[in-house]
Amino acid sequence: MPDSLQMLINALVLLTATFLFLWASRRKRREREPPLENGWIPYIGLANQFRKDPLKFLISLQEKHGDVFTVCIAGRYFTFIMDPTQFQYVIRNGKKLDFHEFSNEMASRTFNYPRLTESKFPQLQDGMSKIYKIMQGKSLDKLSDSMMINLQRVFKWKFSQATDWRTENMYQFCCSIMFEASFMTLYGRDPVADGRNVISEMREKFTKFDAKFPYLVVNVPIALLGDTKTIREQLIHFFMPNKMDARRDLSDVIQARKDILENYDVLQDYDKAAHHFAFLWASVGNTIPATFWAMYYLVRNPEALAAVRDEIDHLLQSTGQKSRSDCDIHITREQLDSLVLLGSAINESLRLCSASMNIRVVQEDFQMELEDDQTVSLRKGDFVALYPPALHKDPEVFEDPETYKFDRFVEDGKEKTTFFKKDRRLKTFLMPFGSGSSKCPGRFFAVNEIKQFLAVLLVHMDMEIAENKFLSLDNSRVGLGILLPDSDIKFRFRHRGSDSS
Ligand code: HEM
């Protein structure tokens with residue numbers, strides 16, 4: 001027999017033996033553990049089926065196994081809890097089901113800073129979490145006021161170009177305005193550099209990095225992602241301590257993060273800058289697509305747009321401000337809260353487009369108690385996962401779930417918070433911002449920003465879609481937050497009140 005044939009046979013025997021070994025040593029379901037789906041490819045498990053269409057895949061397993069089941073996905077075991085009436089049991093078990101272990105590992109790898117272990121950086125994680133209070137309650141007023149000023153500054157420049165109908169790509173439009181206004185609000189300004197040019201340069205790099213973000217999260221080596229490593233380094237360098245020291249009007253939240261990072265001599269300058277970059281990603285990575293979808297659905301639905309605009313016009317009139325004028329408008333945080341139709345329209349677009357998976361790492365083998373004296377055995381090191389789109393698209397909770405209904409979250413002129421599953425009122429019915437200990441600390445600021453963006457836009461601009469197509473969701477960042485559209489779309493806009501002939 002020729003040597004090459006013998007080598008081929010040996011390789012095949014070895015491959016088959018490895019496959020059989022892995023097959024035989026696959027996980028076996030233990031007593032009281034949820035139904036288990038290993039898939040037939042060892043290690044990979046059902047990763048491909050999940051990636052293709054997670055919602056369809058999970059619902060098919062729910063039909064087969066019920067509301068709790070475990071799936072092998074790329075070497076990890078995920079126990080999915082599908083029934084939203086049971087979510088509270090996961091949320092309450094913060095100690096045994098830890099969020100930070102997962103997020104810390106993922107964030108440090110993606111944004112290139114050392115893991116925040118308690119032994120090396122005592123109290124840092126805790127200190128950072130405490131700072132997030134500055135983005136909530138009364139403290140949010142200052143941040144929101146500053147955002148309104150910056151938004152109108154950026155918008156004014158845009159509007160000055162729109163005396164007659166002007167056509168632009170809608171995603172691009174939202175991205176440039178929200179990136180610049182959010183960046184100025186959080187990170188202030190560099191008194192020397194030409195602000196607009198630096199921010200445009202940063203935005204372009206950010207967009208490139210963001211496109212590769214889903215790959216970094218699932219651990220694809222950065223060396224395989226073209227120039228992503230260089231772009232990430234360039235982005236991090238924008239935030240080096242000497243550059244941060246030179247900036248003026250830093251927001252309180254960034255100043256507090258800067259101060260706390262300065263206390264840790266074990267952090268290199270580059271590491272501190274990487275933390276600031278990570279926060280930049282958190283603050284705009286989801287807000288930009290969320291703003292886009294809120295705007296897209298309103299412009300697509302003229303009835304919704306008219307109703308929301310009416311609500312804003314009415315507020316401005318009642319506070320003695322003129323809509324349709326070139327003057328800046330001022331809307332306080334409380335007034336933003338009172339815009340229930342606008343809030344509902346934003347919630348509705350978040351319902352349709354958010355797909356962040358809530359993941360917890362099981363800290364020890366234990367029996368998790370669920371409703372009606374049910375218990376489920378969980379193994380240390382496994383993931384427990386909630387997948388909000390299954391709730392957001394559940395026809396029992398949201399009638400006609402695929403349809404955009406801008407006033408779905410309004411009842412008797414107030415915010416609607418009563419949604420039911422199995423005749424039980426749900427505590428948690430909308431989860432774009434995560435849950436429990438991992439709930440987004442920037443959620444109030446984020447919703448305010450989107451409201452402010454839409455208020456300024458609707459007060460000053462007439463708009464219409466300029467392309468005959470409907471957008472779908474691009475699933476490449478499923479599990480990670482707000483999904484992007486599968487393409488951009490052209491729209492026309494001009495100053496409201498310009499000749500309406
Ligand atoms: C529509 C916009 C936003 C959405 C949908 C969103 C969503 C989320 C979600 C789902 C998480 C939890 C991640 C997880 O469970 O793994 C999170 C975390 C976080 N978000 Fe947001 N977010 C938004 C806007 C913002 C803004 C504007 C800021 C800050 C200004 C912000 C700051 C953060 C931070 C710092 C964390 C990490 C918290 C931690 O480490 O515990 N987010 N966000």
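Glycine is treated like the rest: Cβ placed from N, Cα and C.
According to TrEMBL, the protein has these features:
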BINDING   R109, N286  substrate binding site
BINDING   C440  heme binding site
TRANSMEM  6-24  transmembrane segment
TRANSMEM  277-299  transmembrane segment
Task: For the transmembrane segment (277-299), could you work out the same-chain residues 6 or more beyond its ends whose Cβ comes under 8 Å from its Cβ atoms?
output: 107, 110-111, 113, 170-171, 174-175, 178-179, 182-183, 186-187, 206, 209-210, 213, 232, 235-236, 238-239, 254, 257, 305, 308, 345-346, 348-350, 352-354, 356, 404, 406, 432, 440, 442, 446, 449-450, 453-454, 457-458, 463-465, 471, 481-485, 489, 491
- line: C440 (heme binding site) sits from N286 (substrate binding site) (Cα to Cα, rounded, in Å) at a distance of 11
Query: Hey, does DSSP put N286 (substrate binding site) in a helix, a strand, or just coil?
result: coil
Task: Compile a sequence-ordered list of residues in the same chain as the residue listed as 'heme binding site', six or more apart from it, whose Cβ lies below 8 A from its Cβ; state 'none' when nothing qualifies.
output: A282, F433, G434, A446
Query: Which residue, out of the binding-site residues R109, N286, shows the minimum number of other Cβ atoms inside 10 Å of its Cβ in this structure?
result: R109
